[in-house]
Amino acid sequence: MKVTLPDFRQAGVLVVGDVMLDRYWYGPTSRISPEAPVPVVKVDTIEERPGGAANVAMNIAALGAGSRLVGLTGVDDAARALNAKLGEVNVKCDFVSVPTHPTITKLRVLSRNQQLIRLDFEEGFEGIDPQPIIERIQQALPEIGALVLSDYAKGALAHVQTMIQTAKAAGVPVLIDPKGTDFSRYRGATLLTPNLSEFEAVAGRSKTEEELVERGMQLVADYELSALLITRSEQGMTLLQPGKAPLHLPTLAQEVYDVTGAGDTVIGVLAAALAAGNSLEEACFLANAAAGVVVGKLGTSTVTPIELENAIRGRADTGFGVMTEEQLKHAVELARQRGEKIVMTNGCFDILHAGHVSYLANARKLGDRLIVAVNSDASTKRLKGPTRPVNPLPQRMIVLGALEAVDWVVPFEEDTPQRLIASILPDILVKGGDYQPHEIAGSEEVWANGGEVKVLNFEDGCSTTNIINMIKASTSQS
């Protein structure tokens, strides 16, 4: 699936749900308390971050989309901290203050990146008059492209069915991060996003993929949903829609440090993408990529457009697309699982010029991903002569990796990339110049695998040799 990042600035999303403040106390631990067999933490750093529905709103704002937040808070320092923190990141807060209740707060104590204990300060908001929240939803509907209902079972969504019907009457899609086992509460929603445990608590454990799909489609029918997205941790995500084949998206996470708030990121990106005009399938692809980024961070976190762009282009932690052969094989495997077409080309690319850039842009247009295999310094010297390359391999790869058209850059030591091409087996092998397809290294292997081999023209008047000669001539004249 080929997906480009939308202009999130055109999107408006309202988040309604259980807001909370996440507090983090950090410090070293070097001894056990004499009072009890517990570690003593010397707190040296304190952080406060919006959590729950507030974290969903922050994820939406981090993308550059218009983000509004409605929820229930107390009249206390935690509520003031939430307002201040959210205002700093351009979330428009419209809280309903309840003087009789504290703002929900969760305190985590950490040492050496390990969470030692969590303390919750809360009192459920059940029984609170829902009308102020309903009125705020009605006021926002003309200006938003999606409504997110973030349910942590703290009472803000006690009248969730009224909220769903209010938004549906206005033609606004409703996305819900559910809680508990009573999914009938969410009847008629556009999309539910349970994680696997939440799904199995309602539908039962599935022994096979087919059984999971069958049980999921039954939930879609039973509760009149437009779609169901099951987030499955290391197994990625599965999107189920009536009348359509299941869409399985493998995880893109490289390393997992903390899953706190990952569900908030998923539904936030989903809503922003839908509000920006993406299809549901495209929005799920972007949300899956965002989840892979956020679980690599510690604590409740958000994802920026740059991080998301890097993730969907396979550049999350690869130094502008520069990869080893093994890393490339893994990236290509994931791309193929998403149905993407792989294009591959190669060259020395010693002094990058307009002809190179034009050629690579045209090569990228042939598929969804472009691999550029680059001759090592020793290989370039053997092919081009003792004075080449002008630019060493690391510099050549960094420049290539920074190009919009290029997804992945990989070096090779041989005179030709035939072995590397045979290992990767791209869908389309491309070479620039006056070659015949059968003369191109790796062509036989690509053809044998059912792929294509194409020759593209270079831009006239552009060559590295000409540039070097011009520089030499200019230097001699001076």
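Every residue gets a Cβ built from N, Cα and C, even glycine.
Per Swiss-Prot, these features apply:
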- Asp264: active site (ACT_SITE)
- Asn195, Leu196, Ser197, Glu198: ATP binding site (BINDING)
- 1-318: region 'Ribokinase' (REGION)
- 344-478: region 'Cytidylyltransferase' (REGION)
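Mapped onto this structure are the features recorded in Swiss-Prot.
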residue : record           : CB count, 10 Å
Asn195  : ATP binding site : 20
Leu196  : ATP binding site : 17
Ser197  : ATP binding site : 10
Glu198  : ATP binding site : 20
Asp264  : active site      : 29
Task: Sorted by sequence, non-Asn195, Leu196, Ser197, Glu198 residues with Cβ within 8 Å of centre, ATP - done: Pro194, Phe199, Glu200, Ala201, Ile230, Thr231, Arg232
Task: Glu198 (ATP binding site) to the residue listed as 'active site' - Cα separation in whole Å - done: 15
Open item on the list: I need the CA-to-CA distance for Ser197 (ATP binding site) versus Asp264 (active site), whole Å please.
Closed with: 16
Task: the region 'Ribokinase' (1-318) [mean pLDDT, rounded to integer] - done: 91
Open item on the list: Let's see if you can do this one: DSSP helix, strand and coil counts over the region 'Cytidylyltransferase' (344-478), in that order.
Closed with: 58 helix, 26 strand, 51 coil
